[in-house]
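Per TrEMBL, the features are as follows:
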type: DOMAIN; residues: 34-450; note: domain 'Cation/H+ exchanger transmembrane'
type: TRANSMEM; residues: 21-39; note: transmembrane segment
type: TRANSMEM; residues: 51-68; note: transmembrane segment
type: TRANSMEM; residues: 80-101; note: transmembrane segment
type: TRANSMEM; residues: 113-139; note: transmembrane segment
type: TRANSMEM; residues: 176-199; note: transmembrane segment
type: TRANSMEM; residues: 220-247; note: transmembrane segment
type: TRANSMEM; residues: 267-296; note: transmembrane segment
type: TRANSMEM; residues: 308-328; note: transmembrane segment
type: TRANSMEM; residues: 340-373; note: transmembrane segment
type: TRANSMEM; residues: 385-406; note: transmembrane segment
type: TRANSMEM; residues: 434-454; note: transmembrane segment
Amino acid sequence: MVDAAPSPAQPEPSTFQSVEITSWTTGCLVLLVVIWSLTGHHVKRWNLNEGSAACALGLVSGLVILAFQSYMQKEVVKELLGFNAASFFAFLLPPVIFWAGLSVEKKLFFSHIGSILTLGILGTAVCFVVTALVLWLTFSHIGVLSLQESLAMGAIFSATDSVATLQVLNQDSMPVLFSLVFGEGVINDATSVVLLGAVDRMFSNTAASQASSSGSMWGGLLLTFMYLFVTSLCMGVATGLGIAFLMKRLEGQGVHQEVALVGLLSYLSYLLAEVGGLSGILSLFCCGIVVSHFALPNISNVGRTTTLNAFRTLSYISEGIIFIYVGMDALDPAKWRNAHVGQAGSLCVVLLLLLFISRACSVLPIALAHNLLSTTQKLNSRDIIIIWWSGLMRGAVSVALAYYYFDYGAGMTTYEAGSGGAEGPAPSSQQHRATLIVATLVVVLITVLGLGNLTNTLTQLLVEEPERGLWELLWRGAYGCGHRLAHLPALLCGLAQRMRKEGEGTFGVVKVG
């Protein structure tokens, strides 16, 4: 039984109407990106990074859309306020990941590859286990989360967003710290996606689901993770070497052909990994590193410069679109109307506490091991605090993974009641899934706008005032954090009430898919 399904007699929009709707939504999005690009570099005076500025712009734009929704087509409002996880993974994320691989400082990256992989893989796994275990122990006995959902939420909230910290760190003056934070950020995203894929594979099999109560579940999860990780890495490296070989053999190509071949063949490695059930993020990142080291030297100087500038621009635009959409999607009244606000609130509180605890559990042992085993620069207490703080933010990857796993592609208003399976704790799967997505959105917004806003201040205190005592700096940072966050609960409560009122009003007829 499908709830609130569109009537079969409802006519499909004509080609002209579809073009008009697409033009409106695309035009609004392009205008917002232009505004963000013009004003993004001015927000540093307010201790905001560009990602936080884009998210705040999305929130403001969402409020404007809600205020004038009666003058807009319902389809346009639906497209603007709806986060499309498929488009995120297929079109917006690849330029960001590929540019991360192209721009990596190879000497620094590979000189600290052991610590980077340990932080990105083992550290992410520790965050995953701690988060999933605490969520399951806290919410399973009251019927809020099943074991499968606890594991999925653990994987979703293991994906960090270190962009705010990287914008403050200076690569020249702090090369080791920068390489660790940068490298961990990319490996972490890939590891989180692989973990969620492993959870999905494990529970998609009925026999595996029946064996989930035994110790073999963790062994199966580990084997699935290792298989996905190694095969994705090999696919990316093989594709990058193939591109390098092809560019060495092809001579006399124009600059536009060189850029097109490098971009399209690299993008193909991402798509093939996704189609094959592997990690496209890890495959594309490894492909970008190999292309940067082996393929780009085989093309002309103009082609090399054009390729780097082209993908840097695409990555910049994609990041802006991603954060703007995250801000607008948080104001979708249909989600707030369908969600259980009380459960979402309790989930948010526990998840925010787990961000700090799980991050400390993963960073401190690895940092101590780095200092014991590393023959190069050691990490002092300030460096460890910066690495810990850089992994507290959650971004668009967490939002996209939540939609990918809990939306099921059917839309928030078309779920089948009771389709959550034997372990599904909620009487209405529609409300339950909406609750998990809303909780994810709220945590992401708090970390991006709250913790991201404090990153500049904290990092500058730790980096630029080395003569001051650590505890004095931490006290000053904590005092500033508390002062800025004092009004945040009241703001979020008012925003939630507004969303529920809007959802119960005229906008409630819009079906968000």
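Placed from the backbone N, Cα and C atoms, the Cβ positions cover glycine too.
Note that the coordinates shown come from a computational prediction; the quantities given were computed from them, not determined experimentally.
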Q) Is the count of Cβ pairs under 8 Å between the transmembrane segment (21-39) and the transmembrane segment (385-406), pairs 6 or more apart in sequence, 3 or more? A) no
Q: Please work out which recorded stretch in 220-247, 308-328, 340-373, 385-406 has the most C-beta pairs separated by under 8 angstroms from the transmembrane segment (176-199)?
A: 385-406
Q | Candidates 113-139, 308-328, 385-406, 434-454; stretch with most C-beta pairs under 8 Å toward the transmembrane segment (51-68) | A | 308-328
**Q.** Interface-richest range of 220-247, 308-328, 340-373, 385-406 toward the transmembrane segment (113-139), CB pairs under 8 Å
**A.** 340-373
Q: Decide whether the stretches the transmembrane segment (80-101) and the transmembrane segment (434-454) have at least 3 CB pairs under 8 angstroms, with pairs required to be 6 or more apart in sequence.
A: no
Q. With the transmembrane segment (340-373) as the reference, which stretch in 267-296, 385-406, 434-454 has the largest tally of C-beta pairs below 8 Å?
A. 434-454
